[in-house]
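A.B. asks: Before I ask anything, here is the structure I am working with.
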């Protein structure tokens with residue numbers, strides 16, 4: 001059993017809508033081991049980014065309950081000073097949209113340099129520049145000396161994401177959070193960036209949390225996968241188990257929705273309905289119930305828990321035992 | 001950078017030519033002329049026509065325009081009919097006063113607006129922010145000429161803290177320390193009155209820029225790097241929010257021109273604004289055209305200044 005790097009216990013991240021708080025991440029427990037890539041998948045609005053932001057302590061207006069244990073600190077209750085010492089140093093983050101994530105008025109070198117200045121005060125200006133150029137080179141940026149002096153608008157999206165990665169790994173963090181790092185990039189660049197993260201993971205010795213909704217990315221990168229739905233983890237397993245024997249209806253529906261090049265398909269599989277808005281989320285019973293109406297109510301648990309199916313493979317609710325895709329195409333309510 | 005500036009200056013030339021044509025035509029279109037109001041009505045109208053003919057006022061407009069422009073290039077803005085002296089000389093005395101009044105107003109404007117804008121933007125929706133926003137709304141709603149009168153009445157007449165007219169106390173030798181101090185003393189009230197009203201634009205602008213920049217993605221990046229809250233504000237939010245304020249600087253000058261016309265008249269401050277209004281009422285059109293031309297050139301220079309400042313502070317513009 002490998003060592004735990006990050007342990008999240010009963011995390012509840014709630015946002016205020018009008019006068020009430022609604023949990024976007026609801027009672028979630030999860031751990032990330034050293035040298036492991038944990039992928040968190042789920043559709044838009046399931047709370048995966050809220051989870052990532054909670055771990056980085058980036059929420060300014062959310063209410064956070066529970067514990068986020070990392071390196072003798074509980075990020076859920078941490079002083080801003082301690083948090084700033086961790087961020088950029090022990091943990092780094094890569095954001096979704098590299099086009100807007102860099103300060104438009106600062107040279108690339110200065111932006112990466114800021115991370116170094118903040119956490120490594122002894123580094124001389126010369127050494128720092130050397131290190132920044134080394135980092136730029138490491139993330140595959142051609143002519144790093146030139147890019148050092150350039151501004152973000154002079155770089156392409158892929159290059160900017162490489163800069164973001166260089167920034168996140170500048171201080172060799174032990175935990176790297178990548179929040180949909182390839183969503184804003186086009187497909188060819190996506191694979192290059194993933195390749196880069198894969199390469200870095202080898203010599204970085206860090207735990208990586210990869211937030212994504214792209215199952216292709218998951219299959220390529222992850223060691224373990226947590227599937228999130230409506231603020232909860234509905235299934236968690238290592239990547240092989242999850243792809244070979246998915247249990248939860250949501251996981252199976254997701255996997256079923258991926259277009260298959262080998263199989264002739266008339267229509268793509270579509271999961272009925274939509275993710276309910278935060279304030280309309282069912283807080284009791286199986287949260288996925290409304291989207292698989294053909295499964296009988298009695299087959300859901302009243303208070304769905306995570307059940308260990310095989311070692312390390314957890315599934316929420318008992319409904320998975322009775323779930324099957326409807327036979328006829330009409331019942332599926334697919335795209336017409 | 002140089003290429004940009006040179007090109008930007010070249011664009012100014014047609015702007016100034018167009019401006020001068022417009023100014024000239026408008027001055028000519030004003031009803032009456034210097035002779036119609038100021039001359040003894042018993043003078044024979046035929047004699048007046050003769051004078052007009054001699055002065056070249058009956059020539060076609062483009063010939064008069066060419067004469068005028070030729071004069072302008074030689075530093076000759078014509079003769080003032082009222083003061084019976086060259087316009088350049090009259091303006092020369094006043095432009096210095098207006099210049100210092102504008103500088104003082106700008107200094108007050110930024111001294112007020114930047115701290116207020118930053119506080120208001122950083123702590124938006126707090127009580128302090130609401131107080132500052134209320135002030136800006138009052139500022140927007142208050143006409144400058146009313147406000148300046150109230151200031152003059154309260155601080156000039158009732159409290160007697162500041163002089164109520166003039167730009168310097170009489171009897172002082174130019175160049176002495178007392179002279180400079182007296183100049184500054186005369187400046188404070190008009191400049192401050194104007195600044196209190198004109199600054200509200202900048203306060204509101206800065207406030208909304210800061211609120212806007214706070215939510216940008218790169219602020220998250222800065223926080224994720226471990227930058228402290230004060231560093232995030234000073235290095236990332238503030239710099240990006242000040243961009244439009246810097247760009248606005250040149251246009252602030254244009255706004256000042258309008259302001260000085262009111263304020264100088266109310267405070268009896270002998271500057272260009274006062275001269276402008278007096279000359280209009282007396283049809284001293286050689287002065288009016290010169291003043292309008294100078295105001296226009298100041299506005300064009302202001303816009304140029306804005307562009308140059310923006311290109312200095314915003315790397316995205318430098319490239320183009």
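Backbone N, Cα and C define each Cβ position, glycine as well.
Just so you know, TrEMBL annotations never went through curation; they're auto-generated.
The domain 'ABC transmembrane type-1' annotation in TrEMBL covers B:95-306. Under the heading transmembrane segment, TrEMBL lists B:9-27, B:99-118, B:138-164, B:184-206, B:241-267, B:287-313.
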A.B. asks: If contact means at least 3 Cβ pairs within less than 8 Å, sequence distance 6 or more, would you call the transmembrane segment (B:241-267) and the transmembrane segment (B:138-164) in contact?
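C.D. replies: Since 3 or more Cβ pairs under 8 Å link them, the transmembrane segment (B:241-267) and the transmembrane segment (B:138-164) do come into contact.
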A.B. asks: For the transmembrane segment (B:99-118) and the transmembrane segment (B:184-206), does the number of C-beta pairs under 8 Å, pairs 6 or more apart in sequence, reach 3 or more?
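C.D. replies: Output yes: the transmembrane segment (B:99-118) sits against the transmembrane segment (B:184-206).
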A.B. asks: Hey, which bits of the same chain come close to the transmembrane segment (B:9-27), Cβ under 8 Å, at least six residues off its ends?
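C.D. replies: For the transmembrane segment (B:9-27), the sequence-distant neighbours (Cβ-Cβ under 8 Å, at least 6 residues beyond its ends) are 61, 64-65, 68-69, 72, 285, 288-289, 292-293, 296-297, 300-301, 304.
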